[in-house]
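Features of the protein shown, as given by TrEMBL:
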| type | residues | note |
| --- | --- | --- |
| BINDING | B:Leu7, B:Gly8, B:Phe9, B:Gly10, B:Thr11, B:Val12, B:Gly13, B:Ser14 | NADP(+) binding site |
| DOMAIN | B:8-124 | domain 'Aspartate/homoserine dehydrogenase NAD-binding' |
| BINDING | B:Lys100 | NADPH binding site |
| DOMAIN | B:132-312 | domain 'Homoserine dehydrogenase catalytic' |
| BINDING | B:Glu185 | L-homoserine binding site |
| ACT_SITE | B:Lys201 | active site, proton donor |
Protein chains: 2
Amino acid sequence: MAKIAILGFGTVGSGVYEVLCRNAAGVSRRAGEPVEVKYILDVRDFSDRPDAHLFVRDIGVILSDPEVRVVVETIGGTRFAYPYVKSCLESGRSVCTSNKEMVATYGAELLALAKAHNCAFLFEASVGGGTPIITPMHQCLSANVISEVQGIVNGTTNFMLTKMVRENMSFDEALKIAQELGYAETKDPGDDVDGRDACRKIAILSSMVCGHHIYPQNIPTRGIRDISVADVEAARKLGCVIKLIAWMKHRPDGSVAAGVEPCLVPKSNQLAGVDDVFNAVMVRGDMLGDVVFYGKGAGKLPTASAVVADVVDALKHGVKIHDSLFWKPAEPVDGMLTDPTPAAYYVRVAGVAPAVIEAIYGYGRLVAERYDGCSYFVERADEKALAAAAKKVEAMGGAVKLVLRRLPEEG
Amino acid sequence: MAKIAILGFGTVGSGVYEVLCRNAAGVSRRAGEPVEVKYILDVRDFSDRPDAHLFVRDIGVILSDPEVRVVVETIGGTRFAYPYVKSCLESGRSVCTSNKEMVATYGAELLALAKAHNCAFLFEASVGGGTPIITPMHQCLSANVISEVQGIVNGTTNFMLTKMVRENMSFDEALKIAQELGYAETKDPGDDVDGRDACRKIAILSSMVCGHHIYPQNIPTRGIRDISVADVEAARKLGCVIKLIAWMKHRPDGSVAAGVEPCLVPKSNQLAGVDDVFNAVMVRGDMLGDVVFYGKGAGKLPTASAVVADVVDALKHGVKIHDSLFWKPAEPVDGMLTDPTPAAYYVRVAGVAPAVIEAIYGYGRLVAERYDGCSYFVERADEKALAAAAKKVEAMGGAVKLVLRRLPEEG
């Protein structure tokens, strides 16, 4: 009998408990022994529940019980989660978490701590919710050098963009529905719509690919607030949909680029058909080519089932997992991890006549003219050229309102 | 230093050798030690190669060398592969294979043998080529009860059907190109086009889901020989493409249904966009919902990279993998694992007037009329109703030329 503890009885934490109860037979068969929740840490009052005896408010109770072998952390944030997880690992207990903020910020340190104390630190549920991404990446692609990761990793914004594309909704209308359905925070939806959630996830995947810690603050991040109905319509004219793409590139010389930005995705690209709250991540290996992992990116039971799979792994394999998942500590770099590679771009410009746009941006085509400006498709530009063009636009009294990179046709 | 042996130096076997050489650094980091090929078993003459000293013709050399810890089997077929793999497992050596025929036929026995001798029997590369499917299924979905698997698992037929849909080619023309490109066997392309390859793969996945051996001979299997240009056109009218689908269902009462058959796939279904030699497998878990794994289903280096990932796993985890991958032996059942669930169907009938088709098949709509018959879309029928309708058609002097089930819109 393996005893575990759950820290935080919110959506995912209570889901972990539910999954362990409902699929107890399968879980214990695969773990090699029954798995039992001995403690649930939560400061709220659950004394009415039939299992009230499981609830504790002091992490010390869990840390001082040698029977507890694996700890599930589903508190979220870093204020409590980080010191609690540290203490658990230092006491030799494996930790399984869905907490992307903590992994993106302290992943290297916590992995090293786990290694030093002969236990596992696992976080499959931190990217893609229940969809397997992290385990296949470090385990099934272990014979590959990964050069690129590109995906849709935030279900809330993907739901909103799907509404905007399919029903011609504005950003504000789509946000309102996402909030009503509980997909977006009511108070401050910024983590989703400004791309911070996606940024943490691509920071985690980038760290795995590079083998050293990549920090969210070095990843240029833009959300979807500036996307208008007109942009969605212009994208359609160009045979594309607009998606919030999180990406990273790892070049043979070891250099890294990463970003979170709304992009034009050609309809022929696998990511174009990923709609609603679904997530999809494309990983490019040097031996394997492209693989895509697709599934629901959030939700109580899907996410919880990924946490429980990690619990099974921790019980079975323990520290041996680390050889492939491990990444080294590193300091944040100066500046941003931008990509100098030229690409095709869509730009929306105000206050400048369409006639001069080609002269400013180079070869391309006008997509739409509006009373206050125009949108233009640039066949080929890089970030430097785009910055120079923006300066020219400003010098003419205009303003660049939106820049969207176009992804390749396939991929 | 971990020493391994490769049995069979054909496409995949030589690919394994190449992957181990090219990505030696990453492989040894993840395996925790360098991995070295000590022997290659092949009866052909490789004495011209600089590494000729590695080649042996007698399995006894490998079996009597205690240094060899993991054996890669890439001979294919069962005549030599099966007894060799048995001997390797009986001597306590882990085996990693890409051989779907052997796994589909002897999987339960070989898994039991591995368990009894404290070693691993792994076969990620047997389904989906390099695309991770088996490992995510048994490991990342370990907290789920899987109720359904559905996918495109044969790259050759998917390439041919893509040609038929996009370029209005006939079956014969598409086959010729597939043969010229080396995707299909020149002598006897039956394994691919008659569905036997897909049948073996869905037998393996079904065995994993059910926990007991499911035999290929119990899975109703039809290939794509009967698909005509007219059927492709009719599918288009119905908003669908034709794909060779391998599927299985595991019901709560423990009963199993499985099949390989060309199906109408609605354009909104994730599998509709899977083209060319790509594979995609959808797995439905009770906690997770649907996940899809997508990537190249064949090819030397992709398949080899999956075999090498298994080698890394075998070196790291060994026998512990088995708790989740294991399935029990079982006898083949009498009859076929058919599915009684009603569905929508497309039928092409010759020698019967369109006017009487609705009376025979029930509510639906005429898709196309031809000089020699017609095609009809049946809103809802089951296998029994279809068999009864076919009898009526025959009684009227006609013949049912093709029956295609339509998959659901989503999934």
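Here the Cβ of each residue, glycine as well, is placed from N, Cα and C on the backbone.
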Of the binding-site residues B:Phe9, B:Gly13, B:Glu185, which one sits closest to B:Lys100 (NADPH binding site) when you measure Cα to Cα?
B:Gly13
Shortest C-alpha distance to B:Glu185 (L-homoserine binding site) - which of the binding-site residues B:Gly8, B:Thr11, B:Val12, B:Gly13, B:Ser14:
B:Thr11
Around B:Gly8 (NADP(+) binding site), how many other C-beta atoms are within 10 angstroms of its C-beta?
25
Need the DSSP three-state call for B:Leu7 (NADP(+) binding site) to compare against my parser.
strand
To the nearest whole angstrom, state the Cα distance for the pair B:Gly10 (NADP(+) binding site) and the residue listed as 'active site, proton donor'.
21
Would you mind reading off the Cα separation of the residue listed as 'active site, proton donor' from B:Ser14 (NADP(+) binding site), to the nearest angstrom?
23
Could you tally the C-beta atoms, other than its own, that fall within 10 angstroms of the C-beta of B:Gly13 (NADP(+) binding site)?
24
Among the binding-site residues B:Leu7, B:Val12, whose Cβ has the fewest other Cβ atoms within 10 Å?
B:Leu7
Assigned conformation of B:Lys201 (active site, proton donor) - DSSP reduced to three states:
helix
State the count of C-beta atoms found within 10 angstroms of the C-beta of B:Thr11 (NADP(+) binding site), not counting that atom itself.
17
Beyond the site residues B:Leu7, B:Gly8, B:Phe9, B:Gly10, B:Thr11, B:Val12, B:Gly13, B:Ser14: chain residues whose C-beta lies within 8 Å of the centroid, for NADP(+):
B:Ile6, B:Gly15, B:Val16, B:Asp42, B:Thr74, B:Ile75
Among the binding-site residues B:Gly10, B:Ser14, B:Lys100, point out the residue whose Cβ has the most other Cβ atoms within 10 Å, with all shown protein chains included in the count.
B:Lys100
Three-state secondary structure, the residue listed as 'L-homoserine binding site' (per DSSP):
coil
